[in-house]
Amino acid sequence: MGIHKLMDLLKEKAPGCIKTSDLKFYAGRMIACDASMAMYQFLATTSSASDFQIQNLTDKDGNKTGHLVGLLNRTVMLIENGLKPVWVFDGKPPQFKSGELARRQKAKDEAAEKQKTAIETGDMQEALKQEQRNLHITKEMKADAIKLLQLVGVPVILAPCEAEAQCAALAKAKKVFATVTEDMDALTFATPFLLRNLNSKKEPITEINYEKMLQELKLSHNEFVDLCILCGCDYLGRIEGVGPVNAFKLITEHKSLEKVLEHMEEVNKQSTKKQKYTVPSSYDYVSARDLFINPEVTDPETIQLEWKKPDVEELKKFLVEEKGFSEQRVTSQMEKVLNAKEHKGSQTRLNDFFKVQPKDTSSTSKASKKPTNTKSANKKGGKK
């Protein structure tokens, strides 16, 4: 879900922080991409409905491959346009998110039942709709995605927890320029730049500038975090009676969730009819706030980003022999990678493009000590 209707709020209250650009504008930039979010998108867009069944891209054993098709195409598109993608995968979800995960699982179970009913009645469009609400990323699918990206030669990072938080940490440490995800909570994790709508090189990219956003909203980072929690986030249920515009008004006036909740309590006491605000019984905003301000991430200073030449032969074995891809298609995509160009009039030599990036010595946040990435050591985190 991310942050409920945050984009709509920014369009109204902080339009100057949003701009659109062509993909070529970011040539030469390193970007951290939320792999988990992208995989769900790719699975959804590669499903279709026939008169009698739901059709998915699969290998010879019936395993879905739509996420691999999408990751390959997206990665090649970015490299071909001069960008340097880093793919970041989710680790374990925070324990505090268990309630939201349970809610999502219930929704998936309901979608599965509705899909079954739709198939029985022959309504394949409804069945497809419910199929897309019941998508799962298995461990095997994740492992295949990582293998694909490593064979293509791009860096892969296994985050200890939330991928968006790790992407934001990399961007704050200037290891990359921006976070690429559709989830608006990357801003709550304070990514300097958020890029959305990298779905096609034909569509403009939406860029959100974090510092300009705070300036236009006239909020500090902590106040913005409280605003996001009040709007509705993945960690907590929403307060009945509060929409994004009202949430912004309350935070602007009262500056913190503590003061907002005190105000709500007073308003409810004075109400002679139905209470205006209904706060969930387990509204642990303090823990939610801490997850945003002090997320569990790998220390960016321990991460070395390295772009390598693709292992074309191994990639063909994996995609063509195991996953049923067209050899011609794989060859064509790898030729695009090997012929990658900068898009500002100059051509980049292959050895320049796939070189080890120098270690960045810029400041970074504290993070988790738990080792989850083969190319980095994690450090457990204190306050940022």
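Every residue, even glycine, has its Cβ placed from backbone N, Cα and C.
According to Swiss-Prot, the feature region 'N-domain' maps to 1-108.
For GLU162 (Mg(2+) 1 binding site), applying a Cβ distance below 8 Å and a minimum sequence separation of six or more within one chain yields ASP90, GLY91, PRO93, PRO94, PHE189, PRO295, GLU296. Under the DSSP three-state reduction, GLU162 (Mg(2+) 1 binding site) is assigned to coil, being neither helix nor strand. What Swiss-Prot records for ASP34, ASP90, GLU162, GLU164 is Mg(2+) 1 binding site, and it gives sequence analysis as the kind of evidence.
Residues or ranges marked as DNA binding site in Swiss-Prot (evidence: sequence analysis): ARG74, GLU162, GLY232, ASP234.
What Swiss-Prot records for 126-254 is region 'I-domain'. With DSSP classes pooled into helix, strand and coil, the tally for the region 'I-domain' (126-254) is 66 helix, 16 strand, 47 coil.
Cβ contacts within 10 Å of ASP183 (Mg(2+) 2 binding site), excluding its own Cβ and spanning all protein chains shown: 23. Residues or ranges marked as Mg(2+) 2 binding site by Swiss-Prot on the basis of sequence analysis: ASP183, ASP185, ASP234.
The region 'Disordered' annotation in Swiss-Prot covers 340-384.
Residues or ranges marked as region 'Interaction with PCNA' in Swiss-Prot: 346-354.
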Is any of the binding-site residues ASP34, ARG74, GLU164 within 10 Å of ASP185 (Mg(2+) 2 binding site) (Cα-Cα), and if so, which, in sequence order? GLU164
From the Cα of GLU164 (Mg(2+) 1 binding site) across to the Cα of ASP183 (Mg(2+) 2 binding site), what is the distance in angstrom? 8
Give the residue from the binding-site residues ASP34, ASP90, GLU164, ASP185, ASP234 that has the most other Cβ atoms within 10 Å of its Cβ, counting over every protein chain displayed. GLU164
Can you tell me how many other Cβ atoms are located within 10 Å of the Cβ belonging to GLY232 (DNA binding site)? 21
Taking residues ARG74, GLU162, GLY232, ASP234, which bind DNA in the record, the widest Cα spacing (Å, whole number): 30
Distance [Cα-Cα, Å, rounded] between ARG74 (DNA binding site) and GLU164 (Mg(2+) 1 binding site): 18
For ARG74 (DNA binding site): DSSP state (helix, strand, coil): helix
